[in-house]
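Q: Got a structure for you, written out below as C-alpha cells; questions coming shortly.
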Ligand SMILES: NC(=O)C1=CN([C@@H]2O[C@H](COP(=O)(O)OP(=O)(O)OC[C@H]3O[C@@H](n4cnc5c(N)ncnc54)[C@H](OP(=O)(O)O)[C@@H]3O)[C@@H](O)[C@H]2O)C=CC1
Ligand SMILES: O=C(O)C1=N[C@H](C(=O)O)C[C@H](O)C1
C-alpha cells in the first residue's frame with residue numbers, strides 16, 4: 001500500500017473535488033494522502049470522509065499545499081485558473097505529476113503552466129472522459145472529410161453554477177474541427193451571438209452555451225449543410241467519468257519526462 005503513488009486533491013469541497021477524493025480513496029492503484037482547500041475554509045483540519053458526510057478516511061483537509069505535496073507523487077486539480085497556476089508552480093518545485101482539469105484558463109495562465117512543465121509533468125484537458133476524447137477525434141476526422149458547405153456549430157449545456165463559457169470541452173471540440181479543416185480556431189471562432197449579427201460567415205465555427213439546473217455536461221457538434229445535418233453528441237450523466245480519467249492520467253504521468261500532455265497521450269488516441 002505504501003508504495004502506491006500518493007495523490008493530493010485540490011479544491012476538495014467542490015463538485016469534482018469530492019468526486020475525486022472518493023474515487024482515489026476507493027482505488028487500489030493510488031493512495032489519497034491529502035486534500036487541499038483554501039485558508040479559512042470550514043473543512044480545514046478535519047477528515048475529508050467526515051466532511052463529505054461519510055466515514056472517516058484518515059485523510060485531513062489542509063490549506064498548506066507545500067506540506068501536502070511533500071508526501072505525494074501527484075496532484076489532481078479541478079479548481080479555478082488562479083489557484084491552478086499557483087499549484088502548478090509548487091507542484092513543479094516538488095516534481096509532482098500535476099493533472100489539471102480546471103477550465104477557463106487564459107493565455108497568460110497557459111504561459112505559466114508551460115513554464116512549470118519544464119520541470120515536471122502536466123497533464124491537462126478540458127474534459128478527461130474517454131467518451132469526449134473519442135468525440136474529439138471523430139470531430140477532427142469528419143471536419144477533414146467535409147468542406148465549408150458544412151457549417152460547424154458546437155452547442156454545450158451545463159449546470160447553473162458553471163462560471164466559464166464556452167466550456168473547456170466545447171473549445172476542445174471546436175479546435176478539433178479547426179484542425180481537421182486546417183484552419184486556426186482563433187481566426188474562425190463565432191461565440192456569443194446577440195442582436196443584428198449579420199449572416200453566418202462561411203467557414204466560421206460557432207459556439208452556443210446553455211446554463212441551467214444540474215446538467216453535468218452535454219456537447220453537440222453539428223455539421224449543417226443544405227438539406228442535411230450530421231450531429232455528434234456526448235452526454236455526461238455522472239462526474240465519475242472525469243475522475244476516472246484524472247486518476248488514469250496521474251498514474252500514466254508517473255515516470256514520464258517533464259512536459260505538457262493531454263488525454264490523447266494518456267489514452268493513446
Ligand atoms: N476537465 C474535466 O474533465 C472537467 C473539468 N471541470 C472543471 O473543473 C473546475 C471545477 O469544477 P467544479 O468542481 O464543478 O467547481 P466547484 O466550484 O464545485 O469546485 C471548485 C473548488 O475549488 C476550490 N478552490 C478555488 N480556489 C482555490 C484555492 N486557491 N485553493 C484551494 N481551493 C480552491 C473552490 O473553493 P471555494 O468554493 O472556496 O472557491 C471549490 O471547492 C472547473 O474549471 C470545471 O470547468 C469540471 C468537470 C470535469
Ligand atoms: O464545469 C463543469 O461542470 C464541466 N467542465 C468541463 C468543461 O468546461 O468542459 C467538463 C465538463 O463538461 C464539466
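Even glycines carry a Cβ here, placed using N, Cα and C.
Caution: TrEMBL annotation is automatic and unverified by curators.
Quantities reported herein were computed from a predicted structural model and do not represent experimental measurements.
Pulled the feature table from TrEMBL, pasting it below:
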DOMAIN    7-128  domain 'Dihydrodipicolinate reductase N-terminal'
BINDING   11, 12, 13, 14, 15, 16, 37, 101, 102, 103, 125, 126, 127, 128  NAD(+) binding site
BINDING   38  NADP(+) binding site
DOMAIN    131-267  domain 'Dihydrodipicolinate reductase C-terminal'
ACT_SITE  158  active site, proton donor/acceptor
BINDING   159, 168, 169  (S)-2,3,4,5-tetrahydrodipicolinate binding site
ACT_SITE  162  active site, proton donor
Q: Across the listed NAD(+)-binding residues, 11, 12, 13, 14, 15, 16, 37, 101, 102, 103, 125, 126, 127, 128, what is the farthest Cα to Cα distance, given in whole Å?
A: 22
Q: How do the residues of the domain 'Dihydrodipicolinate reductase N-terminal' (7-128) split into helix, strand and coil according to DSSP?
A: 44 helix, 25 strand, 53 coil
Q: Can you see whether DSSP assigns residue 158 (active site, proton donor/acceptor) to helix, strand or coil?
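A: For residue 158 (active site, proton donor/acceptor) - judged by DSSP and reduced to three states - the answer is strand.
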Q: If we count other C-beta atoms within 10 Å, could you say which of the binding-site residues 13, 102, 127, 169 has the fewest?
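A: Taking 13, 102, 127, 169 as the binding-site residues, the minimal 10 Å Cβ count falls on 13.
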Q: With the Cβ atom as the reference point and anything under 6 Å counting, tell me which of the binding-site residues (13, 102, 169) are near ligand 1.
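A: Listed by sequence, the hits are 13, 102.
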Q: Ranking the binding-site residues 11, 168 by other Cβ atoms within 10 Å, which is at the bottom?
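A: Minimum Cβ neighbour count within 10 Å, taken over the binding-site residues 11, 168, occurs at 168.
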Q: Taking the Cα atoms as reference points, how far is residue 168 ((S)-2,3,4,5-tetrahydrodipicolinate binding site) from residue 127 (NAD(+) binding site) in Å?
A: 7
